[in-house]
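I have placed the structure first, in the form of structure tokens, so that the comments after it can refer back to it.
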Amino acid sequence: MKRDNIIFDIIEKEHQRQLKGIELIASENFVSDQVMQAMGSCLTNKYAEGYPGKRYYGGCEVVDQSETIAIERLKKLFNAEWANVQPHSGAQANAAVFFAVLNPGDTFLGLNLSHGGHLSHGSPVNSSGVLYHATEYNVKEDTGRVDYDQMEEVALREKPKLIVGGGSAYSRDWDYKRMREIADKVGALLMIDMAHPAGLIAAGLLNNPLEYAHIVTSTTHKTLRGPRGGIILLGKDFENPWGKKTPKGEIKKMSQLLDSAVFPGIQGGPLEHVIAAKAVAFGEALEPEYKTYQAQVKANAAAMAKAFTDKGYKIISGGTDNHSMLIDLRTKFPDLTGKVAEKALVAADITVNKNMVPFDSRSAFQTSGIRVGTPAITTRGAKEPLMGEIVELIDTVLAAPECDKTIGAVREKVNGIMKEYPIFAW
């Protein structure tokens, strides 16, 4: 068979881009060689609709083993009673929970997207906002932190069936205990999407939502540093509160509803090659050095946040508890949009993403902020001293975003710096 040089040349271009640049997108990371090897394995050839021991195809006895290992490692990692490793993505995991818990038109409550939430938590352009009645809570304008009092007010008024916590651009830890109290007051289930901080939670550096949430979802990439995919967890399994029964008349456990929601509810065959890669990543996360890595992610984020603040930038909420920070550019550069900032920084081989900030006057296509994070740069072996250097380079570009000479000079420095750092240093 003829080698597809067109595609493999493109793959090599992307490899060089990753190798030469500084990756600061908070949702990105670099996986180990063994995670990539598992993803590129012959397991991709196997169809395996169903779950271990209960498949709709023959010949699944081997992939049953790898999927079972993934489940058991994941449960150990987060101290969970039950886990599903089949969702193809975090959004699919969230959609499965909604499918299990809500009926079309039912009300749920999630964090406003422009305040740090996620598309799959009720955006009108997402299925979650089309199929269900989405209501929202915000962060406080003065502190940039989640307004739990407002969350409670909205919950008491709207009586949601589900309350959703977690977000895509929120740099503080969450008060899961308070959220569970609010959920209990209105008879709602509490779902936490821990996609962004999952690795830090696994390492014991942030609060574990499984102590309070009825259901927890996550991606397996980002801070968790696995392949792209999703998971669903239960700290403790429980009988579904709506009295749904099995054909034998027994009340179904929530785990049964969630399993059915993933397959056959919203997915068909699972990606067993990706599930094997998830198992590898979960195994890595159970090793002692993983905690050291996550502590460095957090330390690097704190150092970067301080460097930005010292340079006169405003960080929403005033700092970070996790791996990320949302920077409001208007304080230092009132006329600079996130779109222009992102383009200029990418040209300098520093990858970030434009992001709306709370109470933003600009659209999602322009934005007044950028989001940055430290998981990927930490995977490459960077430590606190480099964070200050990176912020200095970012500041140089943002002060002259249209100057090709400045951008070229910064790009040369970036490429020189990153020669000293392998893609995966752990």
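Along the chain as shown, residues are numbered 1 onward.
Each Cβ is built from the backbone N, Cα and C atoms, and glycine gets one as well.
Look at Swiss-Prot and you will find LEU113, GLY117, HIS118, LEU119, SER363, ALA364, PHE365 tagged as (6S)-5,6,7,8-tetrahydrofolate binding site. As annotated by Swiss-Prot, site 'Plays an important role in substrate specificity' applies to HIS221, with the evidence given as sequence analysis. Marked as N6-(pyridoxal phosphate)lysine by Swiss-Prot on the basis of sequence analysis: LYS222.
Where Swiss-Prot records a feature, it is marked here on the structure.
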residue	record	CB count, 10 Å
LEU113	(6S)-5,6,7,8-tetrahydrofolate binding site	24
GLY117	(6S)-5,6,7,8-tetrahydrofolate binding site	25
HIS118	(6S)-5,6,7,8-tetrahydrofolate binding site	24
LEU119	(6S)-5,6,7,8-tetrahydrofolate binding site	16
HIS221	site 'Plays an important role in substrate specificity'	26
LYS222	N6-(pyridoxal phosphate)lysine	27
SER363	(6S)-5,6,7,8-tetrahydrofolate binding site	12
ALA364	(6S)-5,6,7,8-tetrahydrofolate binding site	15
PHE365	(6S)-5,6,7,8-tetrahydrofolate binding site	10
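You'll find the Cα of LEU119 ((6S)-5,6,7,8-tetrahydrofolate binding site) roughly 17 Å from the Cα of HIS221 (site 'Plays an important role in substrate specificity'). Largest Cα to Cα distance within the recorded (6S)-5,6,7,8-tetrahydrofolate binders LEU113, GLY117, HIS118, LEU119, SER363, ALA364, PHE365: about 16 Å as a whole number. Of the recorded residues, SER363 ((6S)-5,6,7,8-tetrahydrofolate binding site) and HIS221 (site 'Plays an important role in substrate specificity') place their C-alpha atoms 28 Å from one another.
Taking the C-alpha atom of the residue listed as 'N6-(pyridoxal phosphate)lysine' as reference, the shortest distance to any of the binding-site residues LEU113, GLY117, PHE365 belongs to GLY117.
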